[in-house]
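Notes for the one structure printed next.
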Amino acid sequence: EGEKHVGNVEVKAQYGKGKSVNLVVNGAAXPQEYDLDIKANAPQAENLKKLDLSLKTKNPSPDTYVVLVAIDADGRVYKSQSTVVYSEANPLIDVSYTAPNTPTSRLYVKGVKLSENQAKVEVKIVNIRDLSLDAVSEATLQKDNIILKVVANSEKLGLKNYKVDVATKDANNNGKRLEFQATNDNKNVLSGSTTFISKQENKKTIIEGSGTLKVKEEQKSANFKYIRTILTEGNEQGVETFLNLAVGESSYVAESRITNLEYKNSYVYCEEKKQCAHVELNSKVNIQKPGVVQHTVNVNFDLVKLGISPEFGLQITNEISEKKLPQYTLDLHAIKNDKKYHLNIYSHPELGKFPAGITVTLPHRVLALETRVEYPTNKGLPFPIKGEITIHPDKRKAQYKTAARFLVDVTGSDKQHALIADFGFSHPKLGKEALFKVRGNLKNSDNIIEIATSASVSCHPIFGADRESKFVLQVSPSSFKLLLDTPIVKVIELEGTAVVKENLQQGDLKFCLLQGKPVAVRALIKDYQYYEFTTDESDRKLSVIGHLDPEKRVDISADLVLSGEKKNIAHGALFLKDNLVKSEYGASKDNFDYFVTALKNDLTNLEARVKQLGEEINSDFKDILKRAQPKIQELEKAYKEDLEKIYQEVANDETLKNSQVINEVAQFLAKIIDDIVHAFKPLVDKVYNVIVETTKKIEEIYEKEIAPQIKSLYETVASIVKEFFDGLLDIVAHYAALITDFYEKHKPELEELTNTITEIFKDLTRIIVIQLKELKATVGQALEAIITTIKETQNSVVTALQAKYEELGVPESVLNAILEAHNAIRALLPTEETKNFADAVYTYVSKKLRSEKFDEQAQLRVVYEKFTVALQSLIQFLRGQFNQFGIPSLFNIESIPFITGPGQLSYTPTGVGASLSLVNQILRGDIPDPLSLIQAYRPRSLDPFDEIPAKLRGVVVNGQHIFTFDGRHLTFPGNCRYVLAHDYVDRNFTLVLQLQNGKPKSLILEDKSGTTVELKNNGQVAVNGASHGYPVEEKDVYAFRRPDGVLGIGSQYGALAYCSAKLEVCYFEINGFYLGKLRGLLGDGNNEAYDDFRLPNGKISTSESEFGNSYRLASSCPQAKCPEHSHHQQHAALPPACEQVFGGTSTLRPLSLVLDVAPFRQACIHAVAGNAENALREACSLGAGYVALGLGTLLPAVLPPACVRCTDAGGSKNIGDTYEVKLPNKQADILVVIETTKSNEKKDKDLVVPLVSQVVDTTRNLVVPWNLKSKHIAGIKVYLIGVTSRFPYPIVYDTDLKLKSAKVAFNDEHRYQYTPTIKTNCEKADSIQKTIANVIDEIRIVLGLSNINAGYLSAFETPLRPGALKHVITVNGDACKLEIGTPLQAISNIITYNQLGITHSLVASIPGLEVDGKSAPNVIGYTNDYALEFDGKKHAKEVQGAKVTLTEDNYCAELTEVTDGLVLSATNYNALGAGERKQFLLAAANAITQRILQESIVEECVCNYANPFVGRSAC
């Protein structure tokens, strides 16, 4: 409502039976007035049915503050009205209080400044603790003259026509004395005189004196001292006074301080024995440092001496800072009869810490609610995060507190990542904190990967001992470790190592299953001649050892070692003896049977271990059920007792009862607490009873049904495992028989070998083949037997499992238990919809358990539909339950400042409320608008870290339409140099725009060292005022031109600008580091639009003209006047030109859904007003600025077709127009793309520059002079572009037709960018780094993900003219490597070059060039059709059909050849003498010119978008 902001909240709740509570909060805020009304109704409440609270604050004038507080409790109205006037001439304090059963109380203090040294004060106290006072005082205070007159009346204080006259009189000794005269009811109270001494010390006036006064009928000594100080230094201006008066044993001290920052009055009256009465009021504003304002209010009353109690004190402290959250502290205390009551509320958020709490101190206990959240601010990530909430029934007894805490910490580096999470809950009845811990660790260092996780529960003995689970996995090239530990049993512990060397291969494995006996296994190979396999347990060892030395011995032996004694199971050997081959083998059936028996015993033990675990789990679960029931009852009883004690203390406190208002509120609060306890009690009792009954039923079902089934399951699994391994042992025995049979069967052949040893070398191969054939058959039979045995064993195992499963089934008793549990849960559910959902789930589960056939998808669909309905009903139910106890689901009340004293800090309410959480929003039904979420949280960069913090973006169109970083629009037709953006904190950069008659003339960037780079509206660039070609690379600033003609300027400190060639549109992008640190026409960049028009001095201006002119860099420039802006213009009807660009049918319409278009519409209305001739051009320029802003944040956008033309084919073509272009004609475009490697510097100077000159200029000494100028090609353009490995975009150089003016810097070491490594001085680590880096680099190169490739792609976007002959010369540095896209690129290039009539050539170093298999140092260049080489007389000739090969791969050369390009050898050129080089250049230029002029084509072209801003012919 204009400048007034209104907000309201209404909460309705029901509790108990038919009881309701209604709470309505209305708030309104205007610049000088704030209203807050709170209305609460509880019709069924016993003590208080209606409570209305009204708070109104006004600031009718700069020095006047009015506060009205009214409370209506069931028709009993309590009202307080305060008026404070901070005025040097007429200060005023008027506070009145009205209650139903007592007369109105009032404190009235008014001052009148009659002259510079004369003032009058009127004081009225009406019915304050039965005290009334009416007093008027008038004083004249001069250096040598004091007059004080007081008239007062007060029945309570015994004052009747009480008069005081104090005046200075001349003394006999030419001095002055101060005479006192005070009467009460015409009786002498005080009379006499004192000396009078007055002096002036700078700005202090000091008056003091002493003497004897007659008090009633008694003479008493007296002295006084008065000091008056004028405060003029610093920011504080005002007056401070001090008066100390002592008469006999009594004294009176008064202090006063009235300034623009502080108001203070303090009065102390003391009688003998130091019995004092004290009153103090202090309101102070303290500005500790710029941007930090602290406001403190102190009120203290101690009037016990005057018969008024209790002692009362209040202190409120507020602190507001630009860089910190608001700080708030409230302390309220009252003391009576040695009983202390204290309320402390505090909220002290800091960066990284958020402490807050409430403490209530009563005579017998200290209640406290404290919260604290902490996180570090000196790290990249905000971890660890710690939080705690604590409730103290009595803070003096810390052991009785209830607390919940959490800790989350995430740490990481290149080699290690760790996660720690702790969640704890403590209560006195638990005795020990219930703590749930989670630990996770991932290490990756020195070729070792380690994953370690653990979860533990540490809690009350109700759950037995602390429970912990662990999982550890460690892998490296030479080791492996696995650990899985559960609270019941350590499932597996496995550890293995491996050693692989040239003459040694060894593997060790140690494992322990289900906490059984550890087993060690080793496999060893030495010199590929010694083989060993051993298993080692605590009581036995199995060893299998073999030797393989074909020239001496081949053997194998299996032994069992028991108590150090070796027992052979089987052995076999072939060896040479006396030049004869001997054999030896044997087996021990007893030892083998012993081995098999031992294995069977191990299986039996494993079976028993599995059964034992089943028993342990069974027993543990039953113990937990038995202990849970009494503990739940104990906790419930403890909470009930605590609440009851608190209620009784609050309700029965006698001191609180003496204050009618406090007593009413306390009773109301106590009643609410009592109602909540009693309303929740039936629900708690019901839940408790259900838990108890369900626990009993679960225990009963577990004992009778589930436990026997689990026991049977463990026994079944154990027996099946044993049966399976028994089958494996049978297989092993079968293999042993096969092996024995093999040796028996081939014994004659082995004996025959002994007789034929002399022919061993001739027949060895034949024998081996025979043995292998027979071995193959034997192995085949063995494999068949293995497969058959496994199948039979598997089938038997599966059959046994199926039989056991069918036998087990699902007992009816279990189904009945599930039904009872379902009925118990259903009884607890609060709504009919949730009960229907429970029924649907039970129906589905029971059908699955009974193996009934049904449509499962349809049933699940029913469950889902009922779930959604149940969820909605549950949300509504919870909202109702919360509301009935005054717990709102959303707190969205605008803050209303409370007037507490001078120097009030006003603010502009934003009108934006924030819900506490997404859950609250859902409960409230306030689902965020998806479009708003997209606008707020959409990605704005391909690199998410590039937007941390978010960048600042702005646009300037035609120099005068300025769109700030925070989205405001300013039309400023200036005629001077103006600051666009300036880092006023660190002064890292300044952006300046020079305007001439409202049009842009230049854009200037200055770095912190004073270096300036200037973009001019003619496309040129200057450095420190001197002309300079593109690119510009200074220490901290740079400038460039892109192939498409866009100009750029930037700073290494985070400022970047892109402009069109004539500066019509400039897009600015500033790093988010400068949030709130900028000044200039683009705003302060703090994400707050309202303060964008901030002047250099920090003041916020409401005048656009004042704002714009304040950033002139020369005061002599004329002041510009801005056109009037109004809000309705942003949504007004658009002129026709603006409708074409920003209307509903424009291509920019989709962009307006995400990016606010209103400021650009407003700017368009201004731009086309009175400018019909250029209206569309002005509108299109603004459209281009809007598109630039969208593209800068990843939003797709394109200018409307009405704004885009093609002008590169002669004339102006509309988007979509088609036309023909014939070649050749009188134009030629030559594009030279050179790689900026150091190896190309000499090549560029000696070969490329003269070559291009020869192509362009006249060529002599040739029989047929082929060149462009000789063929009357006059319209020649030469483009020079560099590509580099340093960044993925090209460098456009300013150059002439002969490349002689270009300033190319050859700084690259290599053609490709390579991954850097860190030298660790550890040879192994450095080697691993290098290997990984090489792999990454090769992958990047093969995939074409190099900066060189990206630079080439952008370079080929250079706008070559469709009607010109086109030739591309690429200059390679290093040899090109193979990429996956090379064949596709070749095909694409062939199509493109043929369609556009582009010819191309490559200049590259090509060592090892051969023609027809012979070295060819005379070759100038070659194509896929011929080789160009020198003849015997050093004349160039074409050798058709010559086959050119390269001894070193260069895929760029191959690609050029395949696409019908010309490859020129820089290697052969460098080997020539000066005269031969000249012939080389003439021949190469002739070849290039012939290829350019040989094209004769007719192109079909269409005008299309080249980018969102520009049209270009596509032919």
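Just so you know, glycine gets a Cβ as well, placed from its N, Cα and C.
These numbers come from a predicted model, not from an experiment.
Annotation source Swiss-Prot lists domain 'VWFD' at 952-1118, citing sequence analysis.
Cys1117 (disulfide bond) carries neither a helix nor a strand DSSP state and counts as coil. Taking the Cβ of Cys1117 (disulfide bond) as reference, residues of its chain lying under 8 Å away and at least six apart in sequence are, in sequence order, Gly974, Asn975, Cys976, Arg977. Annotated disulfide bond per Swiss-Prot: Cys976-Cys1117, in sequence order, evidence recorded as sequence analysis.
On its own chain, Asn988 (N-linked glycosylation site) has Asp1007, Lys1008, Ser1051, Tyr1053, Gly1054, Ala1055 as residues at least 6 apart in sequence with a Cβ closer than 8 Å to its own Cβ. The annotation N-linked glycosylation site is assigned in Swiss-Prot to Asn988.
Secondary structure at Asn988 (N-linked glycosylation site), taken from DSSP and collapsed to helix, strand or coil, is coil.
The average pLDDT for the domain 'VWFD' (952-1118) in the predicted structure is 92. When secondary structure is read from DSSP and collapsed to three states, Cys976 (disulfide bond) falls in the coil class.
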